[in-house]
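Listed features, source Swiss-Prot:
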- 1-70: region 'Disordered' (REGION)
- 43-65: compositional bias 'Basic residues' (COMPBIAS)
- G265, I285, L294: S-adenosyl-L-methionine binding site (BINDING)
Amino acid sequence: MAGNSQRRGAVRKAGTKKGPTVGSGGVRRRGLEGKGATPPAHQRPHHPAGKRAAKAARQAQGRHKKTDDTEIVLGRNPVLECLRAGVPATALYVALGADSDERLTESVQIAADKGIAILEVPRHDLDRIAANGMHQGIALQVPPYNYAHPDDLLAEAKSDAMPALLVALDNISDPRNLGAIVRSVAAFGGHGVLIPQRRSASVTAVAWRTSAGAAARTPVARATNLTRALKQWADAGLQVVGLDADGDTTVDQIDGAGPIVVVVGSEGKGLSRLVRENCDAVVSIPMAGPTESLNASVAAGVVLAEIARQRRSA
């Protein structure tokens, strides 16, 4: 009878009822606020692309310090000259947000066509690579310079329709001087530069930049023994003319119309004794003022300009 039933209803077992759901309290939602747009892959430190970019930047930072290791070419003109000349390269670094111009656009296009890795890196990474900060937002990683042999340099010069015009450097230790001389050799129709294998500046990133890319099209050879190489060139018919502040004659008195090699000594040490003894003539540059000597690269440019003038007049 209703209301008088003694039947017990279903009893829920203890501990089976779910309690209230505990939420995050909005912690995760609030943690996502204010983060902005998702950065590109190469800027995210844990993304594979970001790790590759960071590794490449670290490698580039250290490698430019070693003469015999990979070099870093800096600046838009030198980088473009290297790429145009087909200089082997392993990576092209472009600063994020770098102002674009025709040089940068062409550099990126050539690198892409050649399959060279193109990495966008923060500007401060390039600042670390370039101690002076003069990278213009672009850098090219290239393998060690491939030096020519002195015999090949002479053969290439003699195969040209113009008489051979070569420059040898003695006691030149500043890579900026080397780069500037390479640039002058290219400007005045020279065929190449010869340097000693030891105790001499080499074709580093600094020389590349100073040459404004001329090192890409002007061969540089290394000689184990500079004096012996000059003797061989003399036997091949080249006039060996040394350039020194204590020269026996002046530069305007030499005959630059024929095959010639100009040997440039350093501003401080000049020509070494053995090199000087193997020169057909040692010339100086006449100066009107009280200046005792010119920078080696400036002096080389003056002599090359005089030889070019004589050849135009011949």
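Residue positions begin at 1 at the first shown residue.
Placed from the backbone N, Cα and C atoms, the Cβ positions cover glycine too.
On a predicted model such as this, the values are computed, not experimentally measured, just so you know.
What Swiss-Prot annotates, mapped onto the structure for a quick look.
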residue: G265; record: S-adenosyl-L-methionine binding site; DSSP (3 states): strand
residue: I285; record: S-adenosyl-L-methionine binding site; DSSP (3 states): coil
residue: L294; record: S-adenosyl-L-methionine binding site; DSSP (3 states): coil
Requested in this report: For the recorded S-adenosyl-L-methionine site, enumerate neighbouring residues of the same chain (Cβ within 8 Å of the Cβ centroid of G265, I285, L294, site residues themselves excluded), in sequence order.
Outcome: L243, D244, A245, V264, E267, S284, S293, N295, A296, V298, A299, A300, V302, V303
Requested in this report: Please name the residue among the binding-site residues G265, L294 whose C-beta has the most neighbouring C-beta atoms within 10 angstroms.
Outcome: G265
Query - Site extent for S-adenosyl-L-methionine, whole Å (max Cα pair distance, G265, I285, L294) - result: 13
Query - CB contacts for I285 (S-adenosyl-L-methionine binding site) [other CB atoms within 10 A, all chains] - result: 18
